[in-house]
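What TrEMBL says about this one:
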type	residues	note
DOMAIN	B:17-234	domain 'MacB-like periplasmic core'
DOMAIN	B:270-388	domain 'ABC3 transporter permease C-terminal'
DOMAIN	B:483-683	domain 'MacB-like periplasmic core'
DOMAIN	B:716-833	domain 'ABC3 transporter permease C-terminal'
TRANSMEM	B:265-291	transmembrane segment
TRANSMEM	B:314-340	transmembrane segment
TRANSMEM	B:360-385	transmembrane segment
TRANSMEM	B:406-427	transmembrane segment
TRANSMEM	B:439-463	transmembrane segment
TRANSMEM	B:484-504	transmembrane segment
TRANSMEM	B:706-738	transmembrane segment
TRANSMEM	B:766-791	transmembrane segment
TRANSMEM	B:803-823	transmembrane segment
Ligand SMILES: Nc1ncnc2c1ncn2[C@@H]1O[C@H](COP(=O)(O)OP(=O)(O)O)[C@@H](O)[C@H]1O
Ligand SMILES: [Mg+2]
């Protein structure tokens, strides 16, 4: 690791990361030497065709999966060689996670779900911060409800609030709006952007939706386990154009092959 | 449809294996019990038949008390009966003989050797089937011949001087010969046989010189057994039994078989519990199977399968599983039953085990238990499966499960009705009503259990502070019906043992209370448990006489107890050799009349039962002698140590089996040293090896140890029930782990340790098990106390809850919870996080 790398304010980093599933005939290289630096306090979107390795990359960065080669960092901490226990502790204290679905425990109220990671860690929550987060996601009147009494959008907002509450170094969201209608999706995305702007929270989000990507500060495009393009301060149109461009390139490669 | 059923069968091996184990256990117990019983019965019949093969016809006097001719004490016959019998045409010879239970040899160790057979004293006669292997026949009064088995057991040889207890106190004899019977080593079932010369046998075994216990009838060549039997009966008139060898054999084998009937009952009890618990396990297993198959079943419905087809598909699954389990269980039962039979029968040398025979009863009953019960248990889940709507295939999540309102209401009604019936039964002294009420209450509790789960489990909320514990507790309330079925299967076992333990602990508390309050004697002379087929112990009156002369002894009361007919009804009577000592050894206080040596005394309870008061006449028929009419001379307050129909000793000593008491109570003088006096009393009883001297606290311990044995058997029963219940808990947990896979993934992703996941499932399991156990303990204690109350007229008048045992049962349930959770919790903790999150 060079002095230059360390000087950059990165919340999470992947350095020449390889991830191979299976072996022999069925071998699939999901990540092929990816290097990515997630800037702190920024909203990063990851896009790419299905199977391009987006989820794999994010899971590895979040300490949910291990890599075959390369190095991963959350802040300055290297994930390489960590035990299951250490990884769990890292996820608990320094990483937040929002899945596409099944984010909440049906037996707990919204408030209990939000507080769950802190409760698991046995940490006390900061009431002021809790109030601010809850008000930002607009869940105040729903705190006592159970997930079955909440809409899909409300459930995802609870999940966002939960991820935010422990002020992790970085929040990973894997297609958080994938199961939502466009209005609920917009609410969740606005909230994610707000938490980056107002709370200086670092967020990495995987999405298929160019509109969702437009909420981010930076979009990274993946194809076949590698970064193929990247734009800053995206708009929906620019993202769409980039995707078209990449598709065309891919087709050309296919045709020449 | 068959193909689809088979496929889905194989797809859920674990769950089916668990149901199969429950079915196999129940079937094994049932068939083992029945096979054991039929094998032993056939073995005993065969053995006794060959032992009594030689008998053509036997004449005995009918016992005036009726009852089983195999156990009733012999009634003496005189010469004239022998003469009348030999006069019947077709009779070649009629020979009077003596053959009676109660000849007890004293071994080299000073004790009477154990046997589960009888200890028979007979008159020696040539041609009676006995063959001398050593020595010679007994001729003089002091000579005996013993059977080879007894010689082997005691180590006595020809020429040895031995002591023998009979109707008379211990006497010395010389062994002059050793005999075998009909080419066998011994008589059946470890029987101990002592042969005396005829006059000696008449005096010692019958107490009647010149009398016989039976007549051995030989038929003239070509005579018809049936006809001669009828003729002899006609010639002798009423009051005599004329039996063929087979009939005698059958009657004689009764008591021997009785020894083992208890074991069969215990096994059948285990089978009953296994079935009862199994029903819930199986019902739960199939509900779970249906819940898991909802999508698949809906899909089948969507592509056109009818309701009936879906229902049949579930029942077919139940049929296949239960049929295979039945075959396995039955085979195992056959094996266990036969092994147990040979172990039991050979333990008491002399009963060769009967050959194999397909036990039809076991086959049918175990089939009904295995296949029938399983199909019945699967009916409800099958009906539910057929109601699965085709659109359910499209629904993402399973619907939230709520306790059924109808069931809850029915359950509550049954519960109230059950309690009311128990109350009414107790008030009206109707035990059957109490039992019926208990059954209603039990069913009611099962039905209301689902609604109890959430509130009861939230009560323990305070104990589950840590997050995994709290989540586990909450998870236990997620599927109230499933949790209820699981908990109930555990509840049943705990409830049953708590009922029994409550009754036994009340019994013991009553014993303690009675001894403390109403027994004044400091020393009690009695035996331990009396083994089946043997006669009660005897105490030499001379020993008691000398005891009375001890300076530290204030009073001694010898006691004897026998069945009798009182006012024409079967009853029990007792008698004291010195009735004047009665008020000294027990808190006997007369409410009417007073002590008397020639009248009957009654305690108040018995007087009420017989509807008799002082001055009334009672007719009493004892085992021997004529019926007599006696006046009631006094009625005393209930004591529970001396209660009953107290006859004058002068009457009892002539009509009882012997004129020796079988127990004695010793009252010491004020300030007498207990230990030293006990030693003196023990020394005086040296010639009475069947009895021991106990202090009051030892008497209480003796009652306790008898109870302890029953408690031990009952606890094995609990263990059986718990093993089956564990399967149910495992079953439920495995499903929970499957259903909540993505939750575990999420929890691990947001920072839950593996250990915490494991703990979470442990807590869920323990909470579920504890719920069942607490329910069982509470219900068991309630029903147990109701039963104690109902048994009040039987003398259990102290209610006591077995707190320690109840605690042990609850702790055992918690252990069950932990054990059951081991595998499912391990599985959940090892889940791959990403796979779990993606799991749909
Ligand atoms: N557990 C796994 N086993 C085998 N192959 C996998 C596994 N997870 C992902 N892959 C493969 O790795 C590649 C990348 O997957 P993923 O990261 O999920 O892509 P994306 O999220 O971009 O759709 C795909 O080809 C996928 O099939
Ligand atoms: Mg993906």
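Even glycines carry a Cβ here, placed using N, Cα and C.
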PLDDT averaged over the residues of the domain 'MacB-like periplasmic core' (B:483-683):
88
Interface present between the transmembrane segment (B:314-340) and the transmembrane segment (B:766-791) (three or more C-beta pairs under 8 A):
no
Would you say the transmembrane segment (B:484-504) and the transmembrane segment (B:803-823) are in contact under the rule of three or more C-beta pairs closer than 8 Å, pairs 6 or more apart in sequence?
yes
State the residues, same chain only, that lie 6 or more residues beyond the ends of the transmembrane segment (B:314-340) and have a CB under 8 A from a CB inside it; answer 'none' if no residue qualifies.
1-2, 5-6, 8-9, 16, 19-20, 23-36, 39, 263, 282, 286, 289-290, 353, 356, 359, 362-363, 366-367, 370-371, 374-375, 377-379, 381-382, 385-386
Within the domain 'ABC3 transporter permease C-terminal' (B:270-388), residues counted as helix, strand or coil by DSSP:
101 helix, 0 strand, 18 coil
Tally of helix, strand and coil residues over the domain 'ABC3 transporter permease C-terminal' (B:716-833) according to DSSP?
103 helix, 0 strand, 15 coil
Given the cut-off of 8 Å on Cβ pairs that are 6 or more apart in sequence, determine whether the transmembrane segment (B:439-463) and the transmembrane segment (B:706-738) share at least 3 such pairs.
no
